[in-house]
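*Asks:* This is the structure I have questions about; it appears just below.
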Amino acid sequence: MHTVRMATAWKYFRFEGLFFITYYLLFPIFTAAEYRYFEQHNLGKFYNDALEMLVFSPINLFSGLVFYAIVRRSLVSKKLVRFILYTILFLIGLVFYKKLTYLLWSHLEFLPAKARSDAARWANARGLHYSIIYMCRDFLCISALAYFIYSAKQEDQLRQLKEQQLLTELTYLKAQLHPHFFFNTLNNIYSLALKQSADTASLVARLAEMMRYILYEAEQPTVPLQKELRFLTNYIDTEKIRQHANNQISFDVQGIQPDTKIAPLLLLPFIENAFKHGLQQETGHGFVHIVLCESEKELLLQINNSKPSLPKENPAGIGLQNATKRLNLLYAGRYTLNIQSTAQTYQLNLSLQLHD
């Protein structure tokens with residue numbers, strides 16, 4: 001987070017620097033060149049103008065930076081009384097600052113004689129030697145810059161807070177998902193162990209591979225879809241071992257590209273829900289048919305499963321609620337989820353745009 005703040009501060013510092021260099025150094029030089037070329041048709045005198053600008057513009061630049069600091073610390077923060085007081089002090093100080101700089105300017109031997117004589121005359125002048133119109137122009141431009149930077153920083157801070165909130169919520173949801181998944185899988189192993197099934201060892205090996213994926217791969221924001229597919233295949237194979245032989249289980253995969261990525265463990269709760277609530281273990285007459293295909297960066301998941309005559313309680317458990325929340329957080333506006341349920345069947349169709 002500290003690195004993000006530093007990068008943001010540096011971004012606005014560069015923008016402010018570009019503004020002041022352009023406004024106080026480049027614009028005066030370009031304006032003088034335009035005047036000499038279009039009005040007097042004589043660029044020969046532009047050398048003297050440019051020399052004067054290069055000396056005098058930094059003087060204005062410094063006063064502009066001081067006033068910018070006043071605007072940022074007082075006006076933008078809505079401390080109007082302080083702003084008025086600081087502005088009055090700034091204008092008084094500006095008079096002495098201008099006279100001193102003109103006095104110094106009049107002694108710069110490398111400047112043209114006319115420029116030095118004008119500087120001496122301005123230094124000895126009794127009145128104010130700065131234009132009220134130009135001051136108002138500078139005030140408007142500098143205030144606009146200050147408000148723009150302030151608004152942009154506020155938006156950046158709000159965006160960072162939203163991102164942090166999103167990350168926190170996603171971490172919480174994944175923390176819920178892991179124990180939920182392991183609880184169900186360990187229940188499967190326990191039921192096979194009670195039967196002294198020869199498939200217990202194979203199931204433990206698959207669980208170990210799935211645990212490695214969850215602990216080391218699934219902590220990333222996105223993972224290759226092919227790795228996620230391998231994880232889902234392992235899970236479905238464990239269910240095939242556990243379920244009654246007469247249950248129909250199929251998993252059809254089509255068109256998965258090697259460079260496609262997806263949020264980890266996003267599809268698992270939907271598939272897990274089909275097995276948990278769709279198969280009639282006691283009779284072996286249920287079915288789960290899963291189709292996963294990719295077409296032009298759109299991922300399509302279709303799950304058809306039977307429904308038991310006596311459905312289990314809480315068919316939409318933690319895992320399914322978790323998956324829906326993660327879809328809303330990670331793929332908001334980029335997915336459609338349709339569920340059709342009858343007395344005998346349950347169908348889920350998920351369409352997911354993998355890229356903006």
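Cβ coordinates are placed from backbone N, Cα and C, and glycine is handled just like the others.
Bear in mind that TrEMBL entries carry predicted annotations, made automatically and left uncurated.
Copying in the features that TrEMBL gives for the protein in this structure:
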| type | residues | note |
| --- | --- | --- |
| DOMAIN | 169-243 | domain 'Signal transduction histidine kinase internal region' |
| TRANSMEM | 12-33 | transmembrane segment |
| TRANSMEM | 53-71 | transmembrane segment |
| TRANSMEM | 83-108 | transmembrane segment |
| TRANSMEM | 128-150 | transmembrane segment |
*Asks:* Going by DSSP, how much of the domain 'Signal transduction histidine kinase internal region' (169-243) is helix, how much is strand and how much is coil, in residues?
*Replies:* 62 helix, 2 strand, 11 coil
*Asks:* Residues sitting near the transmembrane segment (128-150): Cβ under 8 Å, six or more positions beyond its termini, same chain?
*Replies:* 12, 15-16, 19, 23, 64, 67-68, 71-72, 75-76, 94-95, 98-99, 102, 122
